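Colleague: Straight from TrEMBL, here's the annotation block:
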SIGNAL    1-27  signal peptide
DOMAIN    67-301  domain 'Glycoside hydrolase family 19 catalytic'
DISULFID  Cys157-Cys166  disulfide bond
DISULFID  Cys266-Cys301  disulfide bond
Amino acid sequence: MRTSRAAAAAASLPLLLLVALLVAAEGRRHKDGGGDEEAKACDKGWECSGSRFCCNDTITDYFKAYQFEELFAHRNDRSLAHAAGFWDYHAFITAAALFEPRGFGTTGGKEVGMKEVAAFLGHVGAKTSCGYSVATGGPLAWGLCYNHELSPSQSYCDNSNELYPCVEGVEYYGRGALPVYWNYNYGIIGQGIKQDLLNHPELLEQNATLAFEAAIWRWMTPMKRKQPSAHDVFVGNWKPTKNDTLSKRYPGFGATMNILYGDLICGQGSIDKMNVIVSHYQHYLDLMGVGSDKAGDNLDCADQVAFNPSSKNLDS
């Protein structure tokens, strides 16, 4: 996890949009559920209530522990990895199961599900990597190297936020699978996953399941009303408006970066911090047997206008 101020900014959510997150998430929960209210038991080994995804394959049907090990081959290498022994397949699957009834990894059949898992984990791998060009296995083999920011340059406390005020003595540096920064982000994500992250942000570096849960919640949750989530733009739930097409925003992996990082990565041309995320996604597709040739259209966001321009830029 890079300790630079730019990396921290890239992980933060725009402040002005935070109030809308939970409202959008709740609406999304009802929309994604669909179907009948009665619990629907299927022969897939899981139960879910009121979801049209109940009888689809779950992630464990097509993504096995050995594949997780291949994707994150060096995460437990104690010579370099800073979170050795922390991340594992069980933690990911346990967290993912909470979102499968909403379509995470269960939308559109096996191939779409595999691609979504590769896409989500591609972001995770890139954001928690300690890989470098001559590292063993190459620069893409070192995802999940971190679970928190090393040597943070600040406490990431925004005292102007009255909804999620800083707690005395608590620091809000980057933690988790998709690193969370700033008090207001810990507050809103904590509400989303029903954990008191505002008072206890350390939970994201103490509990791998919660760390994955916070990251998947962010993947599945629109940042603002009438906007898509990263899940939506990836699996085909979203149809661009005329304004979207004028802003060069189209469905695909590139738009997931737009939603998660905005203009801190997108709209800046072919920059390294964007390309490394795309490379992780493509590499994981190959390792999972899907193939990088199936990565889809609109892979990058080099020319996209941000859905939500950043309210804070730590480089300025």
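Glycine is treated like the rest: Cβ placed from N, Cα and C.
Keep in mind that what you see is a predicted model, and the values were worked out from it rather than measured.
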Colleague: Among the disulfide-bonded residues Cys157, Cys166, Cys301, which residue has its Cβ surrounded by the fewest other Cβ atoms within 10 Å?
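Modeller: Taking Cys157, Cys166, Cys301 as the disulfide-bonded residues, the minimal 10 Å Cβ count falls on Cys157.
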Colleague: From the Cα of Cys157 (disulfide bond) across to the Cα of Cys266 (disulfide bond), what is the distance in angstrom?
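Modeller: With distance taken Cα to Cα, Cys157 (disulfide bond) is 25 Å from Cys266 (disulfide bond).
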Colleague: Rounded to the nearest angstrom, how far is the Cα of Cys301 (disulfide bond) from the Cα of Cys157 (disulfide bond)?
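Modeller: The separation of the Cα atoms works out to 30 Å.
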